[in-house]
Amino acid sequence: MATLRVPLLVALVLLAVAIQTSDAGPYGANVEDSICCQDYIRHPLPSRLVKEFFWTSKSCRKPGVVLITVKNRDICADPRQVWVKKLLHKLS
């Protein structure tokens, strides 16, 4: 029984390492390319509070637009929302 413990322990450690490294985010030269939205803002943001925006990477699981406020806060928004589309059109 003791002879099975060592190979089993080694296999479990290797599996744990493989799982952790496979969940790495995208790599890129731009910081913007590595930002993905976990969740979206739930209410419309007034356009006077937003100074610019950028799109999240295509490698992200959820599509997103990062709105940068006049106070330099990054806020994720759902690009499918009507208010977000209007805001992006206004900023473009």
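Just so it is clear, glycine is given a Cβ too, placed from its N, Cα and C backbone atoms.
Matching Swiss-Prot disulfide entries to the candidates Cys60, Cys76 identifies the partner of Cys37 as Cys76. Distance from the CA of Cys76 (disulfide bond) to the CA of Cys60 (disulfide bond) is 13 Å. A Cα-Cα distance of 9 Å separates Cys36 (disulfide bond) from Cys76 (disulfide bond).
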